[in-house]
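Enquirer: Please read through the structure below; I'll follow up with questions.
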Amino acid sequence: MSNSASSFTGVSSGYTAGTPVPADSPIRDNIADAVRRVRETTPLAQSFTNFVTINLVANAQLAAGGTAAMSFLPDDVIETAKIAGANYINVGTLLPFYKDALPEIAQRLNYLDKPWVLDPVAAGIGRTRTAILQAFKAAPPTMIRANASEVIALANMWGLNTETVGDASEHRPAGVESVDDVESATGAAVALAQYLTEQHAKHSSHDASTRCAVAVSGIADLVTDGETVYRLPGGSAMMTKIIGAGCSLGGVAATYLAVSDPLTAALSASLLYNRAGEVADTTSHGPGSFQVAFLDALWNVTAEQVAESEILVQ
């Protein structure tokens, strides 16, 4: 399965909830620094991503300034992880042997202290995918990037979401599409971010004060480290008309994770996508030209433009 981006970022639709982050906030400095560092150092972010969107994922990572490596064999993933700055696992398209291989890869990444991003595409659909995602609870990622329904489904799957009303099955994605709005996933996103942080603090040799992050894509994206919830209005509705916008965002988030902390990486990737989508909107004439213009915008948008984007604290 593949994220078609119908739940990805879109026009702000007048979304105004939240307090604006000041122009002189250190958060904005961190974002600008992350964008610059990626372009200056071209970090390697390895991706185990789905077959449908692999081309856009790789091209987006390159356009953002990083280096891409696309791996599918478990031994390739482990060997490449040793030299990669960060890694990305997307469960959109799976083969039966991945049921055992992917949890082992996750355990190995954490043993090596290698940060990684999880995109739980279509969480809650299919026994193989469900078994893999359940196993990730014992070897959790550093960051999660997903749509609202996937975030809710994963939190329910891990027994973390106490705010969902009704049967958890009601919140399963319709295929890869979200049937929930971003706002309804706030509690699940916070719970997941807190769990990731707690687990990595126990087992990682990295700074225990570094918090993990969850990014929820939607009309006004949500990013949280489990303590603070940020909303990021903006982007383009045309994102809903190209396959792989959400998947490629996960790959770019991994690129930023190679040079920055999880919260900064999640904010930087989402804001870059919002700004690039807005730029592409002004020159494109349909889905085909939009995708080309979008990749060009990922390349051309400046660090200052990304850092100056609208950021609200919810």
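Heads up, the Cβ atoms here are built off N, Cα and C, so glycines get one too.
Remember, it's a predicted structure, so these values are computed and weren't measured experimentally.
Below are the features I grabbed from Swiss-Prot:
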BINDING   M70, G244  substrate binding site
BINDING   R145, S217  ATP binding site
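Are these features on the surface or tucked inside, and what are their neighbours?
Expert: For M70 (substrate binding site), the number of other Cβ atoms no farther than 10 Å from its own Cβ, over all displayed protein chains, is 17.
Using a 10 Å radius centred on the Cβ of R145 (ATP binding site) and all shown protein chains, the other Cβ atoms total 33. DSSP assigns R145 (ATP binding site) to a strand segment in the three-state reduction.
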Enquirer: About how far apart, in whole Å, are the alpha carbons (Cα) of R145 (ATP binding site) and M70 (substrate binding site)?
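Expert: Cα-Cα, rounded: 18 Å.
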Enquirer: To the nearest whole angstrom, state the Cα distance for the pair M70 (substrate binding site) and S217 (ATP binding site).
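Expert: Between the alpha carbons of M70 (substrate binding site) and S217 (ATP binding site) there are 23 Å.
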